[in-house]
Amino acid sequence: MNKIVLYLLVYGATLGAAYDLLKAPSYFEEFLHKFNKNYSSESEKLRRFKIFQHNLEEIINKNQNDTSAQYEINKFSDLSKDETISKYTGLSLPLQKQNFCEVVVLDRPPDKGPLEFDWRRLNKVTSVKNQGMCGACWAFATLGSLESQFAIKHDQLINLSEQQLIDCDFVDVGCDGGLLHTAYEAVMNMGGIQAENDYPYEANNGPCRVNAAKFVVRVKKCYRYVTLFEEKLKDLLRIVGPIPVAIDASDIVGYKRGIIRYCENHGLNHAVLLVGYGVENGIPFWILKNTWGADWGEQGYFRVQQNINACGIKNELPSSAEIY
(Lines of atoms letter the chains of each structure in order from A and count residues from 1; the text may use other names and numbers.)
(Lines give C-alpha, C1' and ligand atoms only; values in the text may rest on other atoms or scores of the structure.)
Protein backbone atom coordinates (compact mmCIF):
# COMPACT_ATOMS: atom_id res chain seq x y z
CA MET A 1 0.00 0.00 0.00
CA ASN A 2 1.19 3.52 -0.77
CA LYS A 3 2.95 4.91 2.33
CA ILE A 4 1.08 8.22 2.21
CA VAL A 5 -2.30 6.48 1.94
CA LEU A 6 -1.37 4.16 4.82
CA TYR A 7 -0.26 7.14 6.93
CA LEU A 8 -3.54 8.96 6.28
CA LEU A 9 -5.62 5.89 7.12
CA VAL A 10 -3.78 5.30 10.40
CA TYR A 11 -3.78 9.02 11.23
CA GLY A 12 -7.50 9.26 10.48
CA ALA A 13 -8.31 6.21 12.59
CA THR A 14 -6.36 7.68 15.50
CA LEU A 15 -8.17 10.98 15.22
CA GLY A 16 -11.59 9.37 14.97
CA ALA A 17 -10.94 7.38 18.15
CA ALA A 18 -9.90 10.45 20.12
CA TYR A 19 -13.41 11.32 21.32
CA ASP A 20 -16.44 9.23 22.30
CA LEU A 21 -19.84 10.93 22.06
CA LEU A 22 -21.10 8.85 25.00
CA LYS A 23 -18.52 10.58 27.18
CA ALA A 24 -19.89 14.04 26.39
CA PRO A 25 -20.97 14.72 30.03
CA SER A 26 -17.48 14.05 31.41
CA TYR A 27 -15.86 16.02 28.57
CA PHE A 28 -18.18 18.91 29.38
CA GLU A 29 -17.20 18.95 33.05
CA GLU A 30 -13.51 18.93 32.06
CA PHE A 31 -14.24 21.75 29.61
CA LEU A 32 -15.94 23.84 32.33
CA HIS A 33 -12.93 23.44 34.61
CA LYS A 34 -10.27 24.02 31.95
CA PHE A 35 -11.83 27.19 30.55
CA ASN A 36 -13.29 28.47 33.84
CA LYS A 37 -16.84 28.52 32.47
CA ASN A 38 -19.72 29.64 34.67
CA TYR A 39 -23.37 29.99 33.66
CA SER A 40 -26.15 32.09 35.13
CA SER A 41 -28.49 29.15 35.80
CA GLU A 42 -28.87 25.38 35.54
CA SER A 43 -31.12 25.82 32.52
CA GLU A 44 -28.40 27.85 30.80
CA LYS A 45 -25.84 25.17 31.70
CA LEU A 46 -28.10 22.51 30.16
CA ARG A 47 -28.52 24.61 27.01
CA ARG A 48 -24.78 25.01 26.73
CA PHE A 49 -24.25 21.29 27.24
CA LYS A 50 -26.57 20.52 24.33
CA ILE A 51 -24.61 22.91 22.12
CA PHE A 52 -21.37 21.34 23.38
CA GLN A 53 -22.70 17.87 22.58
CA HIS A 54 -23.65 18.95 19.06
CA ASN A 55 -20.20 20.47 18.53
CA LEU A 56 -18.54 17.31 19.87
CA GLU A 57 -20.43 15.22 17.34
CA GLU A 58 -19.23 17.54 14.58
CA ILE A 59 -15.64 17.32 15.85
CA ILE A 60 -15.81 13.52 15.79
CA ASN A 61 -17.21 13.54 12.25
CA LYS A 62 -14.54 15.95 11.05
CA ASN A 63 -11.76 13.86 12.58
CA GLN A 64 -13.12 10.81 10.75
CA ASN A 65 -13.65 12.51 7.39
CA ASP A 66 -10.90 15.13 7.11
CA THR A 67 -7.93 12.82 7.64
CA SER A 68 -5.26 15.46 7.07
CA ALA A 69 -6.46 17.68 9.94
CA GLN A 70 -7.35 17.25 13.60
CA TYR A 71 -10.18 18.97 15.49
CA GLU A 72 -10.64 19.31 19.25
CA ILE A 73 -12.76 20.58 22.09
CA ASN A 74 -11.62 24.16 22.68
CA LYS A 75 -12.72 27.45 24.24
CA PHE A 76 -15.50 27.87 21.65
CA SER A 77 -17.10 24.46 22.18
CA ASP A 78 -20.11 25.70 24.17
CA LEU A 79 -21.01 28.27 21.51
CA SER A 80 -23.18 27.67 18.48
CA LYS A 81 -21.58 28.28 15.11
CA ASP A 82 -23.66 31.44 14.67
CA GLU A 83 -22.53 32.74 18.08
CA THR A 84 -18.87 32.16 17.30
CA ILE A 85 -19.12 33.85 13.92
CA SER A 86 -21.04 36.84 15.30
CA LYS A 87 -18.74 37.36 18.31
CA TYR A 88 -15.26 36.39 17.12
CA THR A 89 -14.98 37.34 13.44
CA GLY A 90 -16.10 40.68 11.95
CA LEU A 91 -15.83 40.87 8.17
CA SER A 92 -18.76 42.95 6.91
CA LEU A 93 -19.73 45.67 4.48
CA PRO A 94 -18.68 49.22 5.43
CA LEU A 95 -21.07 52.13 5.98
CA GLN A 96 -19.90 53.74 2.75
CA LYS A 97 -17.67 52.82 -0.16
CA GLN A 98 -14.44 54.48 -1.21
CA ASN A 99 -12.14 53.59 -4.07
CA PHE A 100 -8.63 54.69 -3.15
CA CYS A 101 -7.01 51.30 -3.76
CA GLU A 102 -5.71 50.61 -7.25
CA VAL A 103 -7.06 47.44 -8.87
CA VAL A 104 -4.32 45.26 -10.40
CA VAL A 105 -5.16 42.35 -12.71
CA LEU A 106 -2.81 39.38 -12.29
CA ASP A 107 -3.63 37.44 -15.45
CA ARG A 108 -0.29 35.74 -16.12
CA PRO A 109 0.18 32.11 -15.04
CA PRO A 110 1.97 31.59 -11.70
CA ASP A 111 5.77 31.69 -11.69
CA LYS A 112 7.76 28.58 -10.81
CA GLY A 113 8.86 29.68 -7.37
CA PRO A 114 9.99 27.64 -4.36
CA LEU A 115 7.77 24.82 -3.11
CA GLU A 116 7.81 26.31 0.39
CA PHE A 117 7.88 29.86 1.69
CA ASP A 118 7.13 31.27 5.15
CA TRP A 119 7.59 34.88 6.24
CA ARG A 120 7.77 33.72 9.88
CA ARG A 121 11.10 32.03 9.19
CA LEU A 122 12.45 35.41 8.09
CA ASN A 123 11.19 37.02 11.32
CA LYS A 124 8.80 39.33 9.46
CA VAL A 125 5.55 38.40 11.24
CA THR A 126 4.48 39.74 14.64
CA SER A 127 3.17 37.50 17.41
CA VAL A 128 -0.35 36.07 17.35
CA LYS A 129 -2.99 38.35 18.88
CA ASN A 130 -6.47 37.80 20.29
CA GLN A 131 -9.33 40.00 19.10
CA GLY A 132 -11.64 38.72 21.85
CA MET A 133 -15.36 39.42 21.55
CA CYS A 134 -14.89 42.32 19.17
CA GLY A 135 -15.59 41.90 15.46
CA ALA A 136 -12.33 43.54 14.42
CA CYS A 137 -10.65 40.75 12.45
CA TRP A 138 -10.48 43.19 9.52
CA ALA A 139 -8.32 45.58 11.58
CA PHE A 140 -6.01 42.82 12.84
CA ALA A 141 -5.47 41.29 9.40
CA THR A 142 -4.86 44.65 7.73
CA LEU A 143 -2.46 45.90 10.39
CA GLY A 144 -0.79 42.50 10.49
CA SER A 145 0.19 43.04 6.88
CA LEU A 146 1.46 46.57 7.64
CA GLU A 147 3.48 45.23 10.58
CA SER A 148 5.14 42.78 8.20
CA GLN A 149 5.67 45.51 5.57
CA PHE A 150 7.45 47.56 8.23
CA ALA A 151 9.57 44.57 9.29
CA ILE A 152 10.53 43.80 5.69
CA LYS A 153 11.51 47.42 5.05
CA HIS A 154 13.14 48.31 8.40
CA ASP A 155 14.08 44.89 9.83
CA GLN A 156 12.11 45.63 13.00
CA LEU A 157 8.93 44.06 14.37
CA ILE A 158 6.42 46.50 15.81
CA ASN A 159 2.82 45.99 16.92
CA LEU A 160 0.38 48.52 15.49
CA SER A 161 -2.81 49.83 17.09
CA GLU A 162 -5.96 47.97 16.08
CA GLN A 163 -7.80 50.16 18.58
CA GLN A 164 -6.97 53.26 16.55
CA LEU A 165 -8.61 51.69 13.51
CA ILE A 166 -11.62 50.60 15.56
CA ASP A 167 -12.11 54.09 17.02
CA CYS A 168 -11.05 56.34 14.15
CA ASP A 169 -12.02 54.52 10.93
CA PHE A 170 -15.39 56.10 10.18
CA VAL A 171 -15.99 54.02 7.04
CA ASP A 172 -15.83 50.64 8.77
CA VAL A 173 -17.79 50.04 11.97
CA GLY A 174 -15.26 49.06 14.63
CA CYS A 175 -16.18 45.98 16.65
CA ASP A 176 -19.24 45.58 14.43
CA GLY A 177 -17.15 44.76 11.38
CA GLY A 178 -15.29 46.10 8.38
CA LEU A 179 -13.40 45.26 5.21
CA LEU A 180 -9.72 44.94 4.39
CA HIS A 181 -9.18 47.47 1.61
CA THR A 182 -11.33 50.09 3.37
CA ALA A 183 -9.08 49.70 6.42
CA TYR A 184 -6.06 50.55 4.27
CA GLU A 185 -7.97 53.55 2.94
CA ALA A 186 -8.76 54.63 6.51
CA VAL A 187 -5.07 54.55 7.46
CA MET A 188 -4.33 56.68 4.39
CA ASN A 189 -7.10 59.13 5.35
CA MET A 190 -5.82 59.44 8.94
CA GLY A 191 -2.27 59.95 7.75
CA GLY A 192 -0.82 56.96 9.59
CA ILE A 193 -1.15 54.46 12.42
CA GLN A 194 0.22 54.48 15.96
CA ALA A 195 1.97 51.69 17.83
CA GLU A 196 -0.13 49.44 20.04
CA ASN A 197 1.82 50.61 23.11
CA ASP A 198 0.66 54.18 22.46
CA TYR A 199 -2.95 53.25 21.71
CA PRO A 200 -3.65 49.91 23.47
CA TYR A 201 -6.30 47.41 22.47
CA GLU A 202 -9.57 47.53 24.46
CA ALA A 203 -11.83 45.21 22.39
CA ASN A 204 -14.58 47.84 22.40
CA ASN A 205 -15.65 50.79 20.30
CA GLY A 206 -14.40 54.05 21.81
CA PRO A 207 -13.84 57.72 21.04
CA CYS A 208 -11.08 58.53 18.57
CA ARG A 209 -7.91 59.58 20.43
CA VAL A 210 -5.50 59.61 17.52
CA ASN A 211 -2.19 61.44 17.95
CA ALA A 212 -0.56 62.14 14.59
CA ALA A 213 2.73 62.97 16.28
CA LYS A 214 3.02 59.30 17.26
CA PHE A 215 2.38 57.71 13.85
CA VAL A 216 4.94 54.96 13.18
CA VAL A 217 3.64 53.68 9.83
CA ARG A 218 2.19 55.67 6.94
CA VAL A 219 0.55 54.14 3.88
CA LYS A 220 1.58 55.50 0.49
CA LYS A 221 -0.75 53.45 -1.69
CA CYS A 222 -3.03 50.41 -1.53
CA TYR A 223 -3.89 47.75 -4.08
CA ARG A 224 -6.58 45.17 -4.76
CA TYR A 225 -5.68 42.17 -6.91
CA VAL A 226 -7.79 40.30 -9.44
CA THR A 227 -6.31 36.79 -9.64
CA LEU A 228 -7.39 34.19 -12.19
CA PHE A 229 -5.36 31.48 -10.44
CA GLU A 230 -5.41 30.80 -6.70
CA GLU A 231 -1.80 29.67 -7.00
CA LYS A 232 -0.89 33.21 -8.12
CA LEU A 233 -1.17 34.14 -4.44
CA LYS A 234 2.24 32.49 -4.01
CA ASP A 235 3.90 35.06 -6.27
CA LEU A 236 2.03 37.90 -4.61
CA LEU A 237 2.97 36.67 -1.13
CA ARG A 238 6.68 36.45 -1.93
CA ILE A 239 6.75 39.86 -3.66
CA VAL A 240 4.61 42.08 -1.42
CA GLY A 241 4.72 40.25 1.93
CA PRO A 242 1.94 38.73 4.07
CA ILE A 243 -1.52 39.35 2.60
CA PRO A 244 -4.84 39.83 4.43
CA VAL A 245 -7.53 37.56 2.98
CA ALA A 246 -11.23 36.97 3.62
CA ILE A 247 -12.59 33.52 4.47
CA ASP A 248 -15.61 31.61 5.72
CA ALA A 249 -14.56 30.66 9.27
CA SER A 250 -17.45 28.27 9.93
CA ASP A 251 -15.33 25.13 9.58
CA ILE A 252 -12.17 26.21 11.37
CA VAL A 253 -13.60 26.83 14.86
CA GLY A 254 -12.65 23.44 16.34
CA TYR A 255 -9.35 23.19 14.45
CA LYS A 256 -6.28 21.87 16.29
CA ARG A 257 -3.62 21.00 13.73
CA GLY A 258 -2.99 19.73 10.21
CA ILE A 259 -4.22 20.73 6.76
CA ILE A 260 -7.93 21.51 6.37
CA ARG A 261 -9.26 20.02 3.15
CA TYR A 262 -13.01 20.32 3.71
CA CYS A 263 -14.02 23.86 4.55
CA GLU A 264 -17.34 25.61 3.99
CA ASN A 265 -17.55 28.37 1.42
CA HIS A 266 -21.03 29.81 1.94
CA GLY A 267 -20.20 33.42 2.75
CA LEU A 268 -17.17 35.40 3.85
CA ASN A 269 -17.22 36.40 7.52
CA HIS A 270 -13.63 36.51 8.80
CA ALA A 271 -10.28 38.08 7.88
CA VAL A 272 -6.91 36.41 8.44
CA LEU A 273 -3.32 36.92 7.29
CA LEU A 274 -1.68 34.72 4.65
CA VAL A 275 1.97 34.32 5.69
CA GLY A 276 3.27 31.30 3.79
CA TYR A 277 2.75 28.05 1.96
CA GLY A 278 4.21 24.56 1.70
CA VAL A 279 3.60 20.88 0.99
CA GLU A 280 3.04 18.05 3.50
CA ASN A 281 2.43 14.41 2.56
CA GLY A 282 1.76 15.50 -1.00
CA ILE A 283 -0.86 18.10 0.01
CA PRO A 284 -0.03 21.73 -0.89
CA PHE A 285 -1.22 24.18 1.77
CA TRP A 286 -1.52 27.83 2.74
CA ILE A 287 -0.38 29.05 6.19
CA LEU A 288 -2.74 31.58 7.76
CA LYS A 289 -2.43 33.66 10.93
CA ASN A 290 -5.63 33.89 12.94
CA THR A 291 -6.59 36.30 15.74
CA TRP A 292 -8.09 33.90 18.29
CA GLY A 293 -5.00 33.68 20.50
CA ALA A 294 -1.96 31.40 20.50
CA ASP A 295 -3.94 28.74 22.41
CA TRP A 296 -6.01 28.04 19.29
CA GLY A 297 -4.91 25.87 16.35
CA GLU A 298 -1.21 25.57 15.56
CA GLN A 299 -0.06 28.24 18.04
CA GLY A 300 -2.62 30.62 16.55
CA TYR A 301 -2.13 29.57 12.92
CA PHE A 302 -3.97 27.17 10.63
CA ARG A 303 -3.38 25.54 7.28
CA VAL A 304 -5.76 24.87 4.40
CA GLN A 305 -5.29 22.99 1.15
CA GLN A 306 -4.32 25.07 -1.87
CA ASN A 307 -6.16 25.38 -5.18
CA ILE A 308 -9.61 24.21 -4.00
CA ASN A 309 -10.80 27.63 -2.78
CA ALA A 310 -10.82 26.25 0.78
CA CYS A 311 -12.92 28.43 3.11
CA GLY A 312 -13.57 30.75 0.14
CA ILE A 313 -10.02 32.13 0.24
CA LYS A 314 -10.25 33.21 -3.42
CA ASN A 315 -13.74 34.77 -3.27
CA GLU A 316 -12.70 38.28 -2.26
CA LEU A 317 -9.97 40.31 -3.97
CA PRO A 318 -6.79 40.13 -1.89
CA SER A 319 -5.27 43.48 -1.01
CA SER A 320 -1.98 44.98 0.10
CA ALA A 321 -0.39 48.35 0.76
CA GLU A 322 2.85 50.17 0.13
CA ILE A 323 4.27 52.09 3.09
CA TYR A 324 6.62 55.06 3.29
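Going from the start of the chain as shown, residues are counted 1 onward.
Glycine is no exception: its Cβ is also placed from the backbone N, Cα and C atoms.
Values in this document were obtained by computation on a predicted structure and should not be read as measured data.
Sequence annotations record features per position, and here Swiss-Prot assigns signal peptide to 1-16.
As annotated by Swiss-Prot, disulfide bond applies to Cys134-Cys175 (among others), with the evidence given as similarity to another entry. Around Cys134 (disulfide bond), taking its Cβ as the centre, 24 other Cβ atoms fall within 10 Å, counting all chains.
As annotated by Swiss-Prot, active site applies to Cys137 (among others), with the evidence given as similarity to another entry. In the shown protein chains, 30 other C-beta atoms lie within 10 A of the C-beta of Cys137 (active site).
Among the features that Swiss-Prot reports, N-linked glycosylation site is placed at Asn159. A sphere of 10 angstroms centred on the C-beta of Asn159 (N-linked glycosylation site) encloses 17 other C-beta atoms. In three-state terms derived from DSSP, Asn159 (N-linked glycosylation site) belongs to neither a helical nor a strand segment and is classed as coil.
Look at Cys208 (disulfide bond): DSSP puts it in coil. Taken from Swiss-Prot, the feature disulfide bond covers Cys168-Cys208 (among others), and the record attributes it to similarity to another entry.
According to its DSSP assignment, Cys311 (disulfide bond) is helical. Residue environment of Cys311 (disulfide bond) contains 29 other Cβ atoms, counted within 10 Å of its Cβ in all protein chains. Annotation source Swiss-Prot lists disulfide bond at Cys263-Cys311 (among others).
Annotation for His270 (active site): same-chain Cβ neighbours under 8 Å, separated by at least 6 residues, are Ile85, Thr89, Gly90, Leu91, Cys137, Ala246, Ile247, Asp248, Ala249. Per Swiss-Prot, active site is recorded for His270 (among others).
The active site feature in Swiss-Prot is assigned to Asn290 (among others); the stated evidence is similarity to another entry. Proximity of Asn290 (active site) to non-local residues of its own chain (separation of 6 or more, Cβ distance below 8 Å) is seen for Val128, Ile252, Val272, Trp296, Gly297, Gly300, Tyr301, Phe302, given in sequence order.
DSSP classifies Cys168 (disulfide bond) as helix under the three-state reduction. The separation of Cys263 (disulfide bond) from Cys175 (disulfide bond), Cα to Cα, is 25 Å. The two recorded residues, Cys311 (disulfide bond) and Cys168 (disulfide bond), show a Cα separation of 30 Å. All protein chains shown were included, and the count of other CB atoms within 10 Å of the CB of Cys263 (disulfide bond) stands at 23.
In the three-state DSSP scheme, His270 (active site) is classed as strand.
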